Amino acid sequence: MRLVLWHTAGKMWEDTTVQLRKQALLEGLSMGAKNLTSKGNRLIILHIRVGGVKGFVPESELCQCYIQKLTEKFSYHLITGFYKVGVKMASKEAALDKCDVANENTSNYGSSVKLRRELGLFSAVNLILGVMIGSGIFVSPASALEHSGSVALCLIIWTVSGMISLLGALSFAELGTVLGKSGAEYSYFQEAFGNIHKYWGPLPSFICAWIYVVILRPAEVAIIVMTFAEYAIQPFTTDLEAGYKDTAIKLASLAALFIMTYINITSVKLFVKVQNIFGICKVFACLIVIGGGIYEIARGNTANLNKGFEGSTTSAGGIALALYSGLWAYDGWNSVTVVTEEIINPGVNVPLSISIAVPLITGLYVFMNVAYMTVLSYAEMTSVPAVAIAFGARVLGPASFLIPLGVAIATFGCAMSVQFGVTRVCYTAARGGHMLEVFSYVNLKRLTPAPAVAFQAILTSVFIIVGNIKTLIEFASWFLWFFYGLAMVALLVLRKTQADKPRPYRVPTIVPCFVLVVAIFLSVLPIVHDPSIKYLMAVGFIVLGVGIYTVFVYYKKTPTAILRKLTFLIQVLFESVPPNDRQD
């Protein structure tokens, strides 16, 4: 089948309509006949835009006609592809003459327009480092210490948080390797529960996508970007009033968001290069803090550390909140499973990258907290909003500017990586019918999910404008562990329902069971300990998601005409087409 896109308008269209209809009827094309004509084995797809405006052909009627009546070898994104090679003829004859050229230039779109495997072991490790080492270790130490009550218990909290993160990550490694799909929890829920019931089966995966894509991850990116802005502009805002400083932080946050969005839209290879550079810088920043702590200990400044368990909390709710703060800093241990389809040799590189990155970060975090507590007292750590800045001012003297610079680099890289991951969840959910289909489209040239990236940037900007950083941390953490626990259930279900499926990596059953218990603990006890409105808001978002699922996904009551126009607009803006869904 030879294909070509022919643009025409006005008088020429009126003169040729009758002939086109006749030819289409001869070929047995009754649906969308006014837009089709055929000559031999060559098909012309006509897209008419008044005034000569160029565009794509997302019309579902035309697409279905093409797929059902002509061939199943291509999908309708090939039609949009012909627009991109610039085939624009003044007449039908000229279009037919150029038909073979158009087919040659675009015949590979169907197989190549998709996300590619471009992340090796080093890049996978660096992705985990990039996501995990971010704002938490520079903002959360104060919260973890405040809720735990003592230096020793706080260090135990950080160590236990690292162990829990490693166990959770290894469980996700099994899920990621056995399924081989991107999207992490969304894909796991869909695979484990999707076929259990027509209505209830797909609901967990939809709620996961709804919360992750619309609320949780955009809020997380907003938190990290705002931390970046606070550190980056700190030398220039010391004399500003509080109101002006808040405005400056938000403006700097939006500027950083624009830059990272551009990087993620432009190229996966560009993202990897930038992330690798930022990863080295953020590890260097951590080592500066640790080195400063070692220096102070060598000088004998151990008075704060000698207080041990003095003032430790005995409240289960308080310990849960301390774990929240610690685990927030470790969040991102599942990031490599979000992009499984872009990992080279995932059966090996997914579990191996986790086994390298998470223990390394645990060591860095524990020693960084030792350094903080060596220099700063309990009162100082719990009263300053930016612990690393206070540490740098006390230890580094004239070189203290290295701390805000290093933290700014760390948080920017972290936000960019989190955005990279959530766009893949959005992409996977759209591909599964749980988000707007256009969010699964891929840029023709750059092979990035550009519409999904732009959508996430818009949501994040809203959180930057209206969000509160401390409230968002606890608000987002509740959702995180709710879904992590459900993922452990999915792992156990899949071991029963897909027992014969090859498992390149498998964790002992006790591991997901333990992580599930921890997830229940972290999801329930904070609500009992502090039943504030933010947890009711979290439940409210879930209920809202159920309503949206029922109307738009289950009953498919969608505004088709509006979505068609929106799809057309987004495709033109981002030069995007539906991907080929076949996995490598």
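In case you wondered, yes, glycine gets a Cβ from its N, Cα and C as well.
Just so you know, TrEMBL annotations never went through curation; they're auto-generated.
Model, not experiment: these values are computed from the prediction.
For 119-139 (among others), the entry in TrEMBL reads transmembrane segment.
Sequence-remote contacts of a segment are chain residues at least 6 beyond its ends whose Cβ falls under 8 Å from one of its Cβ atoms, and for the transmembrane segment (151-173) they are 141, 144-145, 184, 304-305, 307-310, 312-313, 319, 322-323, 325-327, 329-331, 333-334, 337, 350-351, 354-355, 358-359, 361-362, 365-366, 369-370, 373, 378, 484, 487-488, 491, 505, 507, 511-512, 514-515, 518. The transmembrane segment feature in TrEMBL is assigned to 151-173 (among others).
The annotation transmembrane segment is assigned in TrEMBL to 209-228 (among others).
TrEMBL lists 248-265 (among others) with the feature transmembrane segment. Panel annotation: around the transmembrane segment (248-265), residues 221-222, 225-226, 228-230, 232-233, 236-237, 240, 271, 274, 412, 415-416, 419-420, 423, 443, 446, 448, 450, 453-454, 456-457, 460-461, 464-465, 574 of the same chain, lying at least six beyond its termini, place a Cβ under 8 Å from a Cβ of the stretch.
For the transmembrane segment (277-297), the residues of the chain that approach it from at least six positions outside its boundaries are 126, 129-130, 133, 137, 305, 364, 367-368, 370-372, 374-375, 388, 391-392, 395-396, 402-403, 405-407, 409-410, 412-414, 416, judged by C-beta separation under 8 angstroms. If you look up TrEMBL, you'll see 277-297 (among others) marked as transmembrane segment.
Feature annotation from TrEMBL assigns transmembrane segment to 309-330 (among others).
If you look up TrEMBL, you'll see 350-368 (among others) marked as transmembrane segment.
As annotated by TrEMBL, transmembrane segment applies to 402-427 (among others).
According to TrEMBL, the transmembrane segment annotation covers 447-469 (among others). Outside the transmembrane segment (447-469), and at least 6 residues removed from its termini, the chain residues within Cβ reach (under 8 Å) are 112-116, 139, 213-214, 217-219, 221-223, 225-227, 250, 253-254, 257-258, 261, 264-268, 419, 422-424, 426-427, 430, 438-441, 570, 574-576.
Residues annotated as transmembrane segment in TrEMBL: 475-494 (among others).
The transmembrane segment annotation in TrEMBL covers 506-529 (among others).
Residues 199, 202-203, 206-207, 210-211, 215, 433-434, 475, 478-479, 526-527 of the same chain lie 6 or more positions beyond the ends of the transmembrane segment (535-555) yet place their CB under 8 Å from a CB of it. Annotation source TrEMBL lists transmembrane segment at 535-555 (among others).
If you look at the transmembrane segment (506-529) against the transmembrane segment (350-368), you find fewer than three C-beta pairs under 8 angstroms, all six or more positions apart, and that falls short of contact. Taking Cβ pairs closer than 8 Å, the transmembrane segment (309-330) reaches residues 132, 134, 136-137, 140-141, 143-144, 147-154, 157-158, 160-162, 164-165, 358, 361-362, 365, 378, 473-474, 476-477, 480-481, 521-522, 525-526, 528-530 in its own chain, all 6 or more past its ends.
Most Cβ pairs under 8 A with the transmembrane segment (119-139) among the ranges 209-228, 350-368, 475-494 are made by 350-368.
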